[in-house]
């Protein structure tokens, strides 16, 4: 074990007895070329560090214990003091070093080795290729990379703003993106991380290479895409003179060498760092700082620097770790120089009222002399300010120093402008690559609007890095007043277990801030709100009762290719409590253009799918059905139509079992006559006859849901509204016409299977209508017949009357879906209990819908022999559907449709009466006492079904007993 003792210059403040390890690590300890390379607090064997501070005047004594053989190493340096601080608006911002910092020299042996390596670059390159480890190469790449922060993020695959706990998922083509880049990174300056490549060779920022290949792929591609610049840097580095050699050059030769040092540098930060180090060497200054101009003349300019207090020993990595300093335009010494374009040479900083004295008080360092000068481009525009502090040797900066400073900064201004232009071009390339990648993501798959919007939400959140994203799609006819669908995504959703398998976003989880989104939807203007609660359009009530608080909001319209607003995208609460910037606006604006086109194309695709499904259904229908002929219409027209009394159309016990099809058509004509619909709406009698014949012909020959069922429903509607309740006075002529048509057409083209079967079988009808599948089809068939030549019974109505009839007709037919009945009956029962006025359209719509249900289920109100016959027809049709489900779909049908459970039919009928029939008929009896017979017969039929159930149970028991006795 050998003990090496180093005497090192280090901070010595009053009362300070602890070793400043970070300061020690930054310092070069020169004793036979020895250097502290490993952090003392985290040593790697075999070196064991033991630091003991002994205060011997201004020196720090470090004893290094190591098991490596070495000689005693000592180094003596002059006292020094390190004070950190920042000067504000008063006089620039910088850190100050010692007033007496000696020039550091290698020992003679090391200097000779370095000089020899400089003179033999071929050997040095060969040695490097043969002996350099992967860690050394990586360190070199990081040091010479265009942006230290970017390279760090590239190699780790992470971003400083990435929420903790997130994991890498998916590629750019996947639903869930992995953020390889964010919009915020474009604001930092410097080249961004290199583009990576997917497995299929498609360039993208949003993919996830394998963990083993990430750094290799990134580094390799970075080296390939920047090969020329790296080669020039390598050649330049091999020709650079050592600092010892530079100090022996005269002034002109030194300036020439320093100009060559920066002429090929295209990275802004690296260039600024070199400029400051070279300036400090030229002028023998203690420290230097450089500020760059940001902003525009109209938008407000400022001076920004991450490179302040740069000395000859400072590294770019150290400077990158420091906080960015901003100085207002025209404030302090730096701001004055930038605004005036004039140089400032201050021999005594404390005598200049623009200098901020507080910084020296805070740091313990005293600023004496200061030389500050603008950096101008070839057009004479100020693009930055450079300042040097405290000329060595207790002297002031001279006129000659000013000339040298100005001469060198002329070249620096040109180089800096070139570097900024190069950086801008590279950023634009990266920006275009990001947008192209996003466009590819949007357009590569446009199957459904849900999948499209989910891609938009995930990639927007990944790009902009905010807490919440919403996409609100407008009602096409609302003109910005309401939204049809609201999709949302939170940053925490990206950490859920099912994020990779999701293909559709969440909907309507959060309240809509209609003040902001409505304004953007109606005006088409962008809102960028830094403080939501201080903005007049923000509604604070959306945060009430939630654990969420809106802070910053960016809301933009989404337009289609025609410029029409089709939706709004809203981003809420940018990470790190930052406000959304103009850069964010530019990205979202560009992205929203692609989103608008994608959403529009998806809408068109869905319409095309619907159109194809409609065509398929229409061809199927037309192949089976056809309009009635004129001969059929003439024949029906020639018949004498009996009276309602003779046909018993006003009787609740009406039965059509003995009527022919022609007699049912004559009965329908009588209904139109007695309701005075023919005269009131000027319906051509022959057209009416042909329309009725076409409607009858468009019913399929299924067991129950056929023309006879439709006719019975119409008869019950006629008997209720015409005589029993006189509700024709409540509804009026237009609604009565629509209700009669609805009853006759409410099951048009019924296939003997229900809505559930259509969905299970994935039929074209199910693709066409997601809810009330068959009812929507019945309505469409009704409209098709009404618009067919020779069947246009509504042809003489005004446009307002026609629209009203169609609206009531649609509502009435859709009301025959029991799912709609269950959804609306609660509201109807409330209206009945409160005896509300039927003048209100909403109440009258409920009454029309419930009346359709009462008529559709009217078989349950017939005498037992009729009810039993109809129930057998219904069960037979149900069993036929169950057989198809079992044979063709390979599924077990529900009990109601299971032929094997036919003996349970009576009990199922009782349950049907209790849950569906009795509540609605009792409510109608409360509305009109004349309808009480309907309720009475429902109760009577229930008792019959109960008796039949007991008989079935008894018979089943006898069968079981007989089998037991035989055994």
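A Cβ is built for glycine as well, from the same backbone N, Cα and C atoms used for every other residue.
Cross-referencing 84-114, 115-145, 146-176, 177-207 with TrEMBL places the feature region 'Disordered' at 146-176. On its own chain, residue 708 (AMP binding site) has 656, 664 as residues at least 6 apart in sequence with a Cβ closer than 8 Å to its own Cβ. Looking only at the recorded positions 705, 709, 746, the densest Cβ neighbourhood within 10 Å occurs at 746.
Listed in sequence order, the residues 705, 710, 713, 743, 750, 816 complete the 8 Å Cβ shell around the Zn(2+) 1 site centroid, once 709, 746, 747, 856 themselves are left out. Around residue 747 (AMP binding site), a 10 Å sphere centred on its CB holds 25 further CB atoms from the protein chains shown. Residue 856 (AMP binding site) sits 9 Å from residue 746 (Zn(2+) 1 binding site), taking the CA atoms of both as reference points.
Residue 705 (active site, proton donor) is 10 Å away from residue 746 (Zn(2+) 1 binding site) when you measure Cα to Cα. Just so you know, the Cβ of residue 856 (AMP binding site) picks up 22 other Cβ atoms within 10 Å once every protein chain is counted. Taking every protein chain shown into account, 706, 707, 909 are the binding-site residues, and of these the Cβ with the most other Cβ atoms within 10 Å belongs to 909.
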